[in-house]
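Presented below is the structure to which this report refers.
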């Protein structure tokens with residue numbers, strides 16, 4: 001089913017923010033916004049849910065913590081007991097200070113890398129992926145708002161968008 | 001508006017001053033504590049001249065020397081308690097001054113609405129310095145035995161301290177203390193004076209620029225003197241032991257306690273309706289600093305511990321051996337209070353905006369850093385006969401009361417908004 005979208009192009013992030021508020025107040029549905037740089041407060045203006053990435057990061061950190069503890073215990077205590085710092089106690093707890101830096105680093109490593117990978121997966125990004133942005137100017141100095149036409153009147157919607165400060169309005173057929 | 005602010009502020013003097021009275025009442029215990037100490041003192045003086053006769057009570061069971069040792073420790077205990085509490089609150093005022101200077105030096109846009117709160121807290125710097133200095137002078141006069149290197153008899157039998165006596169001697173020690181305290185108080189005085197002038201006339205932001213330069217100068221002066229101060233006042237309690245990052249370690253404790261107090265005072269004043277421009281984004285930022293500096297403290301705590309643990313050099317490692325064997329609970333308890341608790345509570349971004357969580361974390365962090373100073377001072381001065389009892393708690397209440405009184409009194413003196421600050425508009429609209 002072919003759906004129609006309107007691409008409205010803005011050249012200023014403040015005007016864009018204002019426009020987003022007006023469009024939402026006008027009960028139109030914003031499908032996506034393409035910007036050349038992160039616009040502060042845009043997510044709140046668009047009414048996007050707060051990210052859950054932080055929670056996954058915390059969980060990955062816990063995984064890293066556990067992996068590091070198990071790993072150090074296996075390597076240094078069980079499989080090949082080491083005399084650490086001239087203290088041959090061969091117990092995990094007594095040697096804990098020596099392991100803390102590794103545990104810390106692995107916690108950070110797991111949290112950071114897995115968080116980035118999660119972010120890529122959620123945003124459907126992978127190497128050699130074709131760019132999705134509809135207009136190359138959005139990588140330079142233009143802001144593009146994509147609005148679902150749904151069953152609104154196209155002319156009325158265009159007029160509305162023009163009033164919000166859009167410089168260019170295109171009707172696009174999605175196949 | 002000024003009249004309104006003064007009127008409003010006058011109203012809440014009543015509240016803290018009643019708390020103050022309660023605290024003063026509790027603090028009376030301290031004087032009892034010190035009179036007790038006086039009695040113990042006399043005991044020792046009786047005991048010392050006639051060694052042969054020894055002491056009257058437990059002498060049969062105990063070795064004379066051991067008993068005397070114990071007496072020395074007990075005799076030190078109220079002094080140490082006094083010193084810890086005095087230093088703790090002094091440290092908060094000093095840390096706040098540092099944080100305040102940092103805001104100027106960084107030309108921070110978010111914080112100017114909190115400047116008056118910070119200035120109010122730094123008002124305790126002067127009384128705190130005087131108290132600390134008096135305690136140090138009394139130590140120098142051998143009225144107490146906090147610093148064993150001050151005792152000529154100990155030095156005579158101690159080669160290591162002898163070698164250090166070029167630095168660790170009473171006159172130089174007191175001169176250094178005067179330089180640190182004098183310098184800090186001078187900077188505090190000038191910063192405060194200029195800060196008030198910013199309100200009066202801010203032509204070309206002259207006084208703001210002046211404060212910017214002063215702050216930068218203060219930070220340089222401070223980082224050198226703070227390091228030396230922590231060697232002098234705390235590290236020299238264990239004159240054989242040394243740690244090169246000790247100054248940083250004390251600094252981290254200082255900064256995190258100071259920021260916590262700024263946050264607590266701001267929340268209190270806000271709840272009473274005085275700081276109309278402080279919103280939860282400001283609290284959020286303070287909580288971020290609390291969180292960050294708690295981790296910084298843990299990092300330094302652990303770095304100091306791990307290197308010494310790893311190398312296992314006897315003269316260094318004894319420091320931690322005493323702390324772990326005799327002070328196991330406070331030593332590890334404070335890691336829980338200063339690290340695990342704030343990190344879990346303040347990790348969530350939304351929790352940092354909820355006053356209840358910030359206050360809870362703040363109280364635990366403050367107690368934790370009191371314990372931190374406790375564990376720094378006590379093992380060297382009283383050894384294994386430590387206890388958090390009446391002298392410690394009442395000393396805390398005494399200085400706590402004085403601190404609250406001075407701080408809130410200072411807050412009433414001027415309007416709580418520095419309206420001439422060029423960043424004040426940005427700060428009012430600060431929103432995260």
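Just so you know, the numbers here start at 1 and follow the chain as drawn.
For all residues, glycine too, the Cβ spot is worked out from N, Cα and C.
Here the transmembrane segment (B:80-102) has long-range neighbours at 30, 33-34, 108, 115, 118-119, 121-125, 128-129, 131-132, 135, 146, 184, 187-188, 191, 214-216, 218-219, 222, 226, 233-234, 250, 253-259, 261-262, 289, 369-370, 373-374, 377-378, 381-382, 391-392, 395-396, 398-400, 402-403, meaning same-chain residues at least 6 beyond its ends whose C-beta is under 8 angstroms from one of its own. Annotated transmembrane segment per TrEMBL: B:80-102 (among others), in sequence order.
Sequence-distant contacts of the transmembrane segment (B:123-150), counting only residues of its own chain at least 6 positions beyond either end whose CB sits under 8 Å from a CB of the stretch, comprise 72, 75-76, 79-80, 82-83, 86-87, 89-90, 92-94, 97, 161, 164-165, 168, 170, 173-174, 177-178, 181, 184-185, 188, 233, 236-237, 239, 377, 380-381, 399, 402-403, 406-407, 409-410. Summarising the annotation, TrEMBL assigns transmembrane segment to B:123-150 (among others).
Outside the transmembrane segment (B:170-191), and at least 6 residues removed from its termini, the chain residues within Cβ reach (under 8 Å) are 94, 97, 100-101, 104, 119, 122, 125-126, 129, 132-133, 136-137, 140, 150, 211, 214-215, 217-218, 221-222, 225-226, 228-229, 232-233, 236. For B:170-191 (among others), the entry in TrEMBL reads transmembrane segment.
Summarising the annotation, TrEMBL assigns transmembrane segment to B:212-234 (among others).
Long-range Cβ contacts of the transmembrane segment (B:246-269) within its own chain (Cβ-Cβ under 8 Å, at least 6 residues beyond either end) map to 12, 88, 91-96, 98-99, 114, 117-118, 120-121, 223, 226-231, 234-235, 275, 278, 282-283, 286-287, 289-290, 293-294, 296-297, 300-301, 304, 338, 355, 358-359, 361-363, 365-366, 369, 372-373, 376, 407, 411, 416. Annotated transmembrane segment per TrEMBL: B:246-269 (among others), in sequence order.
Taken from TrEMBL, the feature transmembrane segment covers B:289-309 (among others).
With a cut-off of 8 Å between Cβ atoms, the residues of this chain six or more beyond the transmembrane segment (B:329-347) that come close are 256, 287, 290-291, 294-295, 297-298, 301, 323, 357-358, 360-361, 364-365, 367-369, 371-372, 374-375. Taken from TrEMBL, the feature transmembrane segment covers B:329-347 (among others).
If you look up TrEMBL, you'll see B:354-380 (among others) marked as transmembrane segment.
Under the heading transmembrane segment, TrEMBL lists B:386-411 (among others).
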